[in-house]
Amino acid sequence: MIHEISVFLVVELVGTVAFACSGAMVAIEKRLDLLGVIVLGVITAVGGGMIRDILIGTRPPSLFLNPVYVATALIAVLILFFIMKFSRRCQDLLYSETYEGMMNFMDAIGLGVFTVVGMDTAINAGYGEYRFLMVFLGVITGVGGGILRDIMAVQTPYVLKKHIYACASLAGALCYMILLPRMERDGAVVISACLVVTIRVLARKYRWNLPRIEIRDRE
Amino acid sequence: MIHEISVFLVVELVGTVAFACSGAMVAIEKRLDLLGVIVLGVITAVGGGMIRDILIGTRPPSLFLNPVYVATALIAVLILFFIMKFSRRCQDLLYSETYEGMMNFMDAIGLGVFTVVGMDTAINAGYGEYRFLMVFLGVITGVGGGILRDIMAVQTPYVLKKHIYACASLAGALCYMILLPRMERDGAVVISACLVVTIRVLARKYRWNLPRIEIRDRE
Amino acid sequence: MIHEISVFLVVELVGTVAFACSGAMVAIEKRLDLLGVIVLGVITAVGGGMIRDILIGTRPPSLFLNPVYVATALIAVLILFFIMKFSRRCQDLLYSETYEGMMNFMDAIGLGVFTVVGMDTAINAGYGEYRFLMVFLGVITGVGGGILRDIMAVQTPYVLKKHIYACASLAGALCYMILLPRMERDGAVVISACLVVTIRVLARKYRWNLPRIEIRDRE
């Protein structure tokens, strides 16, 4: 039991680090200062859960009661910042294909885990019967941090325009909702999270995108 | 009684469709993908009520308990998206004066109805004595969805800069607050909502705008 | 006792006026109309407290129950707007070094007072044991209004990129947390708020900034 929780926690922390780094990178690209990098990094990592807690009325949001996620995000952001600050070679590395692939993979893990965590939180808060709400809370836990990051960095939310990001989270949430009554929780968690990761990795490799409308400019 | 509720519901759904279409059009103009169009459309339609529920502490926000509004918005957005996607002629129609006039009228109905609904919700939640709060909740229910739409689309909120938008909602809210203790609710609803629609239609026709300051550039 | 509360209230109102004016100035620069100027001004003044109340679950947010802050902000914004509208000479004055210095000083007072008020609110709401939460609520009360202002004006939040803004608030919050158990509340309030003001004034004079990463453009 303790062993299983530990594995789950490690996976959550991997996701937290990936989300924090994605927020920090956006802040660095926008030329924000150290505090801006920290704030964007941490908010990307814990923002989805904060939105979820505000919606279901958990007071105060759980991130304040269990600071391990904020602390992990903070440490990850600081390490990234000082590597970027003092090593030109590492700066180049961070823009490499390898780094991007690795971050994409970690980010996918975070998306999968956070989606499932969000749904569990909804169930524990007594909303297990509202299926629409449950799925929504899973997706918002997964993508909410990235939305806050993009709003604060004043750029169109990534989730609204590229690759199959929110859709992967949605697929995982629906999968978890269907599996949960039919098998034990651990199996449902693993399958749902793996589904999210698989969709994200394939979406990046084969450049899947949702349809969009090509309009002529009219102005 | 059932008949009256039905009429009210139809009017609410007309407003929902208009708001959803306005969100979807912004998303299409910003070249967002299908998911982005859906998210912006739905959030424009139900976002005002969601902000109101967060402020007064309705948990979870009522949109999750009665999914008819989200479903209506979703269907409206999907129809709009596929019309725009597959018919160049319809694309042109959507940019026509007729379409804009029709949407403006439906949007005005939505603004009027949502403003009144927001105030009723405040009263039902026990805040009938806080007049300032009641009016604010009416206005935020009316304009909040549009604000969320513009924040997520990274453009200055329409409500802050053009035509008499929030002012129409505010006039309707004040009217409803004054009429409610003096006549029966149905009459107050109809008069207040009609006031909002009238102001909006006249504001568009005669290009009413609030004063603004013309400053020289200093940079 | 009454005397002390009055002094504190005056200081709070000075901060409210400064924050409201900073929001109004941003709105005027963005060519928003009168309503936009009012909304941005008021939201800058009371937005930080609103975010805090949403996070800790005060329903409805206290700004609705005690409208003195909204009223003060509204009056300040209206005066500023009509001065700017009708007097070209005053417009020039508003862009002068003197005005900026004065506003910066008032803003620093607001930041200091709001930070302390936010922490007091957290303690009164029963979160005195969660030190991390207490400090966070202090800082968010201080800087949250400015963040909402910048998000609605579609510009990168000032707090993320310039001078020692949030850091001053953070220093004041930590100072208050450390002093509170060791001396009487009034002294702790004064010292903490003065610390914030001092840091802000020095940061402006000596152009302190947090480190940032200079990256080459890669696009």
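Each residue's number is its place along the chain shown, starting with 1.
Glycine too: its Cβ is placed from the backbone N, Cα and C atoms.
If you check TrEMBL, you get these features:
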{"type": "TRANSMEM", "residues": "C:6-27", "note": "transmembrane segment"}
{"type": "DOMAIN", "residues": "C:10-84", "note": "domain 'Glycine transporter'"}
{"type": "TRANSMEM", "residues": "C:34-51", "note": "transmembrane segment"}
{"type": "TRANSMEM", "residues": "C:63-84", "note": "transmembrane segment"}
{"type": "TRANSMEM", "residues": "C:105-127", "note": "transmembrane segment"}
{"type": "DOMAIN", "residues": "C:105-179", "note": "domain 'Glycine transporter'"}
{"type": "TRANSMEM", "residues": "C:133-152", "note": "transmembrane segment"}
{"type": "TRANSMEM", "residues": "C:164-181", "note": "transmembrane segment"}
- [ ] Six or more residues out from either end of the transmembrane segment (C:34-51), which same-chain residues have a Cβ under 8 Å from its Cβ atoms?
- [x] 16-17, 19-24, 26-28, 61-63, 69-70, 72-74, 76-78, 80-81, 114, 117-118, 121, 140-149, 152-153
- [ ] May I ask which of the stretches C:63-84, C:105-127, C:164-181 has the most CB pairs under 8 A with the transmembrane segment (C:133-152)?
- [x] C:105-127
- [ ] For the domain 'Glycine transporter' (C:105-179), jot down how many residues DSSP puts in helix, in strand and in coil.
- [x] 63 helix, 0 strand, 12 coil
Open item on the list: I'd like the per-state residue tally for the domain 'Glycine transporter' (C:10-84) from DSSP, helix first, then strand, then coil.
Closed with: 63 helix, 1 strand, 11 coil
